[in-house]
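One structure is given below, encoded as structure tokens.
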């Protein structure tokens, strides 16, 4: 019986295409996670931002008009638009978790002479703090017509308090932004885990393939001894 030659071992795989691809995918996923994190953070900040107060606690760019409480001021409004009224007090007068309130409604006299009370609920109850002051929504109203209104603010019961009027923040866009933020957090986590795993796995795979390449000779078999190395006695 003729003896069969021993099986030839399969050549070791030394291509770096797979490791490089996996590593590149990991890097791209991590970059995507970073971009998603920036977008998510921006959306969250934008949803909560009111621009009613500046960093110094002064009236911000969103404020259309403001007056001390008690006091009066004129403001230009657009008919049919919804507006929110904010009460601004010192931070010491509104500890964390508490909302400053007015005992009476803010009143607005339309150009036609009709009086509107800001006794409605705002689209979103907002509370913001900056510069040692706290601003919180205390009412909302819909302008009856275009023109200049006279806003009358009642006493606030706080020293150095003032009332401001700004465009109301609609609930649906706010709600969508909050849920978009929640979804964005999960996207960031998923991309981060996937990207980190792919990057680590790709690097490890890359190192193993690089070692395999160093151990393979020109013909695909094991690499011979380096030039000038002394062979063992009896070696052909």
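From the backbone N, Cα and C atoms, a Cβ is placed for every residue, glycine too.
Within the set 20-45, 46-71, the record from TrEMBL flags 20-45 under the feature transmembrane segment. For the ranges 195-215, 216-236, the feature annotated in TrEMBL as region 'Disordered' maps to 216-236. With a cut-off of 8 Å between Cβ atoms, the residues of this chain six or more beyond the transmembrane segment (20-45) that come close are 177-178, 180-181, 184-185, 187-188, 191-192, 194-203, 205-206.
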